[in-house]
Structure formats: structure tokens, C-alpha cells
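Over in Swiss-Prot, the protein carries these features:
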type	residues	note
ACT_SITE	127	active site, proton acceptor
BINDING	11, 72, 73, 102, 103, 104, 105	ATP binding site
BINDING	21, 22, 23, 24, 25, 154, 185, 186, 187, 211, 213, 214, 215	ADP binding site
BINDING	103	Mg(2+) binding site
BINDING	125, 126, 127, 162, 169, 170, 171, 222, 243, 249, 250, 251, 252	substrate binding site
């Protein structure tokens, strides 16, 4: 192993730059050459590849987004796309690849591994929906972004004695909604993994009113329904004319938290070590504060599950 490359793919997440920095600096420390691939798998197929030096990743640790850029390239799922990618890797004499991203990125990494090219996956997505790790890079930052918004919205909800609905990201996973809702004291948390009944939500709000509570916050993951649709349905149950805030892509941006920076640094460094050990087809992660690695194929077979105990706790504490 003399030369490795790194790419970021799919939705950007705060901490991707920190992980890239760790890969580059760890690799150079170990005597390797490092190349950056712009625009993910699309850039790989197009040969958009550049050499990275120590200075290339300076002033990156605190920056959100990804300086390697990102793009979605579904054509990489085809044999033609994969063979073009391997052709470019061989052309640049690259011996191993690190891929930072979510589920779709892992599928690309798995495909390259099956074709004999050593590839390591690093979980980078704000949704925290990758198996084999307690946390993904970017989740903690997104969580704190949502919590900051929730706290500010509660101020105005209290002042005007209103119900507010906050729509957060989470197409298939409700971790952002659950963790931010618990941390922010939301009166109701609606996630894709748990069925809900509007009668139960209204009953919870009514009981709060009976105790003198004059405002409430409901956090809704986008994968369940839009915040506006939820507000429309809620309005059919009486005088709950809620205001809606859609946080949208603000959740993806911003300077990564200390947790995400440290996590990204640890995962990035470990991915280089695995390539030096000639161990491809793995995804790194963190379990109980220990860095672990698992077979990417096995990770893709597993479905991320919501922390049921945490969900139950949030329900208990929101009364």
C-alpha cells in the first residue's frame, strides 16, 4: 500500500472535513501518498482526482460541508460505472480508497471491494441511520443545531401561548427528532419508526392544558409527514392552530461540534490503519466509545433501529 484516495459522497455532514484531514495526515505520517477525489463517485468515474498534501487540509477542522465536494451518482450501481471507477483508480496507481458517507456511499464501497479493490467506509450523515456504530459523523452537530432552534422557538411559544411544530430531517430514521425532542423537552415526538395516533397527541396536549400549560412543542421527522400536513390534521381536533417551522438544510451546515471533530479524527485515522493492514471491505464506527470495524456487507444487511428506551423516556418526561 503506497497510495490511497478519499472521497465524500451523498448528503454533506459537519465533520466530513475533519475526517478527510485525519485520513490525509495519518496517511502521510505513515509514508503514504494521498489523493482527493472531487464530487464523490461521479468524480471518480470522471477522473477528477488531485494529490493532497499536509497543507491541503489545513484550516479545515472547524469547517462544515466537504471541501472535496459531493454529488449523487446512481449510475455507480451499474457494472459500467464501477469498472470505470476502478479504471481511474488503477490509472492513478491508487491502492486503497476511503469513502465517507451514508448508506448509498456504503453500497459503492461494497461494490468496489467485491471487485477486488480495498475500500473502507466512514459513516458520515446527520441522520445517524447507519448500523454498526452508535453515532455517525455530523449527527451531534445537527442535533445541536436543532436544539438551538427548538430553544428559541420555545421562547416565542411561551410568549404567545401557542403550539409550535418543528419539522426536522429524517426520512427513514427518527434520531434527530428523538434526541432533539428529548433534550428540548418537546411535548410530542413523531418519528418514522413508531406509529402514532393523533387522538393520543391531542390527549397529551389537552392534559397539559388542564395542568395550566399554555404552550407546547411538537417535533416531527420529515419521513412521517410534513410539518404543515401535521398542523393541518392537528387543527381538525379543536383549537390547536399550530405554527410550523421547517428547519431544512440548516441542519446540515455549520461548524462541527467537538464531539464530531474528535469522532471524525478517530475514524479517519483508523481507516488508514485498516488499509495498511490490507483489510478492505470494512466500515469503521464507534461502540461504547471504542472504535470498531465491521464488514460493510453485514452493515448494509442490518436495519438501523431507534433506541426504544430513549423514546419511552422522552414520552415519560414530556407529561
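Keep in mind that glycine also has a Cβ here, set from the backbone N, Cα and C atoms.
All features noted in Swiss-Prot, drawn onto the structure.
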residue: 23; record: ADP binding site; DSSP class: helix
residue: 73; record: ATP binding site; DSSP class: coil
residue: 105; record: ATP binding site; DSSP class: helix
residue: 125; record: substrate binding site; DSSP class: coil
residue: 171; record: substrate binding site; DSSP class: coil
residue: 185; record: ADP binding site; DSSP class: coil
residue: 213; record: ADP binding site; DSSP class: coil
residue: 250; record: substrate binding site; DSSP class: helix
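Of all the Cβ atoms in the protein chains shown, 24 others lie within 10 Å of the Cβ of residue 169 (substrate binding site). Ranking the binding-site residues 171, 213, 252 by C-beta neighbours within 10 Å puts 252 at the top.
Cβ neighbours of residue 73 (ATP binding site) (same chain, under 8 Å, six or more residues apart in sequence): 9, 40, 41, 42, 45, 81. Taking the binding-site residues 11, 102, 104, 185 in turn, the residue surrounded by the fewest other Cβ atoms inside 10 Å of its Cβ turns out to be 185. Recorded residues residue 187 (ADP binding site) and residue 243 (substrate binding site) have their alpha carbons 15 Å apart, per Cα-Cα distance. The closest partner of residue 250 (substrate binding site) among the binding-site residues, by CA position, is 102; the full candidate set was 23, 102, 104. Considering only the binding-site residues 23, 185, 215, 252, the residue whose Cα is spatially closest to the Cα of residue 104 (ATP binding site) is 252. Cβ neighbour count for residue 103 (ATP binding site): 17 (other Cβ atoms within 10 Å of its Cβ, all protein chains included).
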